[in-house]
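Some notes on the structure that comes next.
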Amino acid sequence: RFIAKPCAINLGIQDSGPHRAQPNAILEKVFTSITKSPDGKRLEGLSKQLDWDVRKIQRWFRHRRNQDKPTTLTKFCESMWRFTFYLSIFFYGIRFLWTAPWFWDTRQCWYNYPFQPLTSRLYYYYILELAFYWSLMFSQFTDIKRKDFLIMFVHHLATIGLITFSYMNNMVRVGTLVLCLHDASDFLLEAAKLANYAKYQRLCDAFFMLFGVVFIVTRLGIYPFWILNTTLFESWELIGPYPSWWLFNGLLITLQILHIIWSYLIIRIAYKALVRGKVSKDDRSDVESSSEEEDVTSNSTKGVFSTSSNGSNRINGHVASGQWTEE
């Protein structure tokens, strides 16, 4: 409110939403009381009742759905808050872990377990992360609605469960590694969103490509071969099959499954952008476009990211969208 909004205004981002549908009492009643996406039979009936072309009615419903979507300014402010947190907590974690022995040797996570001291820096790192993910859990119901609501809900549940569980069982050493690894790419995605909202196309493309590389390297490379290796095998070897071993590793493997899903989407986006030179509309986009708008956007897009002709950005969830197909 006091930082992000003035920054957005200075960058020329206006608090204006998508094109609004023209007032129509009959269509508005259908939209609010019956359906927001009428089928072919209902469209034919409305066409006869209003003496409108079916195409025009479809466009009206599309515009009506879009006008309830958040503005670019709102999305910029949300992304700037998340960017600030992710960047700050990542550098805090790196600075803290750089001198920690288990950062360089994961077997140190299990030596003398569970009698390992909980330092003040480690405690604050954990509490800050837990508080943030709890805030995401609650704000997800009031923030910008995404089509990947369910998968993000599962992600937040798994993350909160892991943080709480590892803290209660004093598995904070391996927990800090998981947290730092996940924060490594998140701030890059938010930076790409900010650049897209501000229409800095080249910067946006660069941030997203960097995000994709870091995401895949950390989530498909370092995470399974570094984190899962120590929780599945090194812990079993050094302290044996402790009672909560199955639950703890089950949650970690759930995160790995989500990583694979998101990595697939990122790779698909990059493939379409590099091979075809342009990308189809995002299936998760929070703003719909008519076919005419899509044609104009596709033909005029030179960068990897793009905003639609109504000015609404399409970067969602964990994978950027818009001209990037999502995440």
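Positions of Cβ are set from backbone N, Cα and C atoms, glycine also.
Caution: TrEMBL annotation is automatic and unverified by curators.
Keep in mind it's a predicted model, so treat the numbers as computed, not measured.
Copied over from TrEMBL, here are the features:
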DNA_BIND  29-72  DNA-binding region
COMPBIAS  301-315  compositional bias 'Polar residues'
DOMAIN    27-71  domain 'Homeobox'
DOMAIN    74-275  domain 'TLC'
REGION    283-327  region 'Disordered'
TRANSMEM  83-103  transmembrane segment
TRANSMEM  123-142  transmembrane segment
TRANSMEM  207-226  transmembrane segment
TRANSMEM  246-271  transmembrane segment
Going by DSSP assignments with H, G and I as helix and E and B as strand, what are the residue counts for the domain 'Homeobox' (27-71)?
31 helix, 0 strand, 14 coil
Across the domain 'TLC' (74-275), what is the average pLDDT of the model, as a whole number?
89
